[in-house]
Amino acid sequence: MGPRGLQLLAVLLALGLCAPAGAQKPSACQCSRIEASHRKNCGFPGISASECFNTGCCFDSRVPNVPWCFHPLPKQESEQCVMEVAARKNCGYPGISPQECASRNCCFSDTIRNVPWCFFPILNQDCHY
């Protein structure tokens with residue numbers, strides 16, 4: 001194999017290692033509920049929408065001077081519970097159990113400290129992407 005072939009092989013291997021296996025296209029709520037100023041880059045300059053989605057990221061080129069290919073918000077049990085941490089409105093009390101939170105028809109996520117773990121859901125109607 002010549003030098004060009006080795007270069008191509010190296011690029012293909014690098015791209016294959018960067019893309020998560022079986023990456024799933026994020027939901028509309030995971031992409032549209034993140035403030036443009038909070039986007040974390042997930043691609044490279046000139047990435048296409050399909051390349052971006054194939055890595056499991058969101059793509060939106062309507063906002064200038066922010067990443068167009070960006071990491072989605074974390075997946076939740078319900079789309080109504082997908083939101084930025086700053087958007088959470090407390091629906092419980094410190095130490096509330098997931099079961100008690102669910103009995104209040106609220107969302108529960110204890111993965112981030114010092115924020116409400118039991119919080120009110122958001123209507124899916126505002127998911128536009």
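We count from 1, first residue shown onward.
Glycine too: its Cβ is placed from the backbone N, Cα and C atoms.
Not measured: the values here are computed from a predicted model.
The signal peptide annotation in Swiss-Prot covers 1-23 and rests on sequence analysis.
Residues or ranges marked as pyrrolidone carboxylic acid in Swiss-Prot: Gln24. For Gln24 (pyrrolidone carboxylic acid), the same-chain residues that are 6 or more apart in sequence and have a Cβ closer than 8 Å to its Cβ are Gly56.
Sequence-distant neighbours of Cys29 (disulfide bond): residues of the same chain at least 6 apart with a C-beta under 8 Å from its C-beta are Leu73, Glu79, Val82, Asn124, Cys127. Summarising the annotation, Swiss-Prot assigns disulfide bond to Cys29-Cys127 (among others).
The domain 'P-type 1' feature in Swiss-Prot is assigned to 29-73. Note on the domain 'P-type 1' (29-73): mean pLDDT across this stretch is 95.
For the recorded site, Cys31 (disulfide bond), the DSSP three-state label reads helix. Among the features that Swiss-Prot reports, disulfide bond is placed at Cys31-Cys58 (among others).
Annotated disulfide bond per Swiss-Prot: Cys42-Cys57 (among others), in sequence order. In sequence order, Cys52, Thr55, Cys57, Cys58, Pro67, Cys69, Phe70, His71 constitute the residues six or more apart from Cys42 (disulfide bond) in its chain with CB-CB distances below 8 Å.
Positions annotated as disulfide bond by Swiss-Prot, on the basis of sequence analysis: Cys52-Cys69 (among others).
Helix, strand and coil counts from DSSP across the domain 'P-type 2' (79-122) read 12 helix, 5 strand, 27 coil. Sequence annotations record features per position, and here Swiss-Prot assigns domain 'P-type 2' to 79-122.
Annotation source Swiss-Prot lists disulfide bond at Cys81-Cys107 (among others), citing sequence analysis. Same-chain residues at least 6 positions away in sequence with a Cβ under 8 Å from that of Cys107 (disulfide bond) are, in sequence order, Gln76, Glu77, Ser78, Gln80, Cys81, Cys91, Cys101, Cys118, Phe119, Phe120, Pro121.
Sequence-distant neighbours of Cys106 (disulfide bond): residues of the same chain at least 6 apart with a C-beta under 8 Å from its C-beta are Cys91, Gly92, Cys118, Phe119, Phe120, Pro121. Look at Swiss-Prot and you will find Cys91-Cys106 (among others) tagged as disulfide bond, backed by sequence analysis.
Cβ neighbour count for Cys118 (disulfide bond): 23 (other Cβ atoms within 10 Å of its Cβ, all protein chains included). Marked as disulfide bond by Swiss-Prot: Cys101-Cys118 (among others).
Look at the disulfide-bonded residues Cys31, Cys52, Cys58, Cys69, Cys91 and count other Cβ atoms within 10 Å of each Cβ; Cys91 has the fewest. Local packing around the disulfide-bonded residues Cys57, Cys81, Cys127 was summarised as the count of other Cβ atoms within 10 Å of each Cβ; on this measure the leading residue is Cys57.
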